Amino acid sequence: MKTLLIHSDYLEFEAKEKTKIAEDADVLSGKMDECLTVFIAVEKDDESDPDAVVKNAVEEIVKTADNLKVKNVVVYPYAHLSSDLGSPATAKEILAEIEKELSGNYEVLRAPFGWYKAFKISCKGHPLSELSRKITTERKEEVKKEKVVSKFYIINGENLELTEVNDEVISKMEDKGLLALLKHELDIKEEGKENGEPPHVKYIKEKEICDYEPSSDAGHFRWYPKGKLIRDLLSDYVYNLVVERGGMPVETPVMYDLQNNAIREHADKFGERQYRFKQGNKDLMLRFAACFGQFMMKKDMYLLPKHMPLKLYELSTYSFRYEQRGELVGLKRLRAFTMPDMHTVCIDMKQAMEAFEDQLWMGLKTGDDFKTPYAIIFRFTEDFFEENKEWFFGMAKEYKQKYGKDAILEILPGRKHYWVGKVDMAVVDSFGRPIENPTVQIDVESAERFGIVVHDGDKKVHPIILHCSPTGSVERVLCGLLENAYLNTLENRPPALPTWLTPVQARVIPVGDKHSAFALDVATKLRASGIRADFDDREDSMGKKVRNAGTDWVNYVVVIGDSEMESGKLTVTVREESELKKAKKEELTVEELIEKITSDVKDAPKRPLPLPMKCSVQPIFR
């Protein structure tokens with residue numbers, strides 16, 4: 001914000017003509033004697049925290065008025081002070097708030113926004129009669145006042161005992177995943193802990209999954225065919241998961257107009273760094289989740305209690321967060337990502353809590369299906385927890401029975417977010433750092449902010465809304481899978497993806513030319529059965545072909561030689577059942593191999609291999 005403060009004998013104005021952004025004002029002319037005239041230009045930066053800029057502007061005006069010993073203040077919109085103006089909606093809101101804050105102790109006259117005005121002013125002409133000030137959104141003292149100190153507990157679901165976290169509790173924790181998550185929450189950094197490049201970054205390049213796109217912004221990726229296949233399979237998985245549970249898929253825009261008050265307030269509340277830009281006279285932002293579009297859609301729906309709980313689901317391709325360059329780490333933290341995002345409208349808190357519990361188990365199921373066990377943390381405001389602790393203890397008990405694990409509980413003394421309760425689930429990477437993935441949140445603000453109502457007889461009710469990402473971002477899911485694959489190597493097992501996600505599920509390798517026709521026939525039968533199989537016809541040694549299959553993490557490697565052709569029994573190396581230095585081999589017929597792979601994949605999503613069957617003509621992408 002830019003301001004020009006004039007100690008005036010008088011200020012007189014008259015509004016002459018409206019512009020298209022003019023406010024409907026009651027006062028279109030006025031005069032004030034012996035006053036401080038404050039010319040104000042609201043700037044784009046002010047949109048990041050309107051409350052802070054109002055507070056700082058009022059403090060500066062009060063300080064100047066008191067120094068000059070004046071009790072009359074004129075608030076005068078004056079766009080010519082800046083070339084980087086904020087949106088009209090934000091400017092109107094800020095100017096009105098400044099007037100409101102000053103009115104308790106001063107006589108205030110505010111000129112209307114968005115009008116062509118004639119004015120006369122007489123400046124007193126003493127050394128302090130003309131002052132210019134740059135007002136920022138900085139919150140120095142307020143940050144200290146508003147700092148919320150949470151309490152952390154370990155909940156044992158077996159005896160429902162809450163143990164407040166302290167150094168002794170931390171030193172005795174045996175669950176490495178839960179300990180890593182707790183240390184992350186408490187910002188405990190361990191000396192000597194690795195801070196280099198995590199293994200998954202090497203894997204995504206080496207396996208031709210994806211890589212940074214140098215001609216784009218940092219944190220944006222190019223995806224190769226194998227990586228695109230994995231992402232699509234993960235997307236199919238989440239789609240099936242939510243649709244089976246009543247989710248209705250929708251699609252909404254990736255950018256939004258910050259002149260919409262609800263959009264701007266929700267964006268500011270979120271607090272993450274955002275991609276914001278100006279196009280023409282509009283201030284726009286790229287979404288960081290699917291909330292905006294889904295909330296606007298719900299606002300326009302005629303909702304009745306019988307529709308509840310109503311679940312809308314979107315795979316937001318893409319969502320954007322402008323993370324600092326130094327914070328970008330492979331697939332764990334990036335600027336453009338694919339977020340499965342479901343929002344559930346609930347008629348009341350009872351229904352919201354039931355849906356929360358259902359979605360907790362849905363999130364935990366994804367860890368089971370991906371073979372990436374989660375550590376979990378519940379977060380509640382103190383009031384909400386005290387009112388609903390028996391419900392929480394019931395979940396903790398069932399979690400202990402199903403998974404044999406404790407959980408972390410964070411209690412916040414007051415509500416500083418739009419939610420009163422949430423649960424976060426995290427995979428732990430090879431450096432012992434959490435990768436937060438699934439989440440469920442109970443939102444008690446957004447329905448009112450966006451004007452979402454349920455028509456319940458003669459009443460209009462603002463519902464409770466759950467935010468749920470059943471898996472977290474697709475990129476983070478893959479990050480967790482690859483980090484978990486690396487951890488396999490520390491347990492003498494080869495790194496691998498689950499068979500349903502592995503791009504090449506089976507590779508058929510002929511020992512010599514005379515075995516090629518038979519081997520090709522086997523590969524063809526596998527593909528005809530819906531198995532992603534290829535055929536290594538390259539002119540490499542047998543040893544190199546087998547090593548290449550290992551490098552490509554092929555789950556089932558089939559070698560065809562004389563004995564296989566004669567007996568019809570294939571020699572198959574099963575990767576997920578092998579040790580690092582000792583391959584697990586089985587002799588199977590083609591039919592038995594098809595049955596084994598089909599049983600391995602079960603009812604997981606299926607897609608064909610998007611590469612030529614013959615390895616010799618498969619392109620090299622990097």
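Every residue, even glycine, has its Cβ placed from backbone N, Cα and C.
These numbers come from a predicted model, not from an experiment.
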Further binder of Zn(2+) named by Swiss-Prot next to Cys291, His343, taken from the candidates His184, His455, His462, His467: His467
Nonlocal residues around His467 (Zn(2+) binding site), in sequence order (Cβ under 8 Å, 6 or more apart): Ala289, Cys291, Asp341, Met342, His343, Trp419, Thr439, Val440, Gln441, Asp443
Cβ-centroid neighbourhood (8 Å) of the Zn(2+) site, Cys291, His343, His467 excluded: Ala289, Ala290, Gln294, Phe295, Asp341, Met342, Gln441, Asp443, Ser446, Ile465, Leu466, Cys468
Cβ-Cβ neighbours of Cys291 (Zn(2+) binding site) (radius 10 Å): 26
Cβ-Cβ neighbours of His343 (Zn(2+) binding site) (radius 10 Å): 26
Across the region 'Editing domain' (1-141), average pLDDT on the 0 to 100 scale: 92
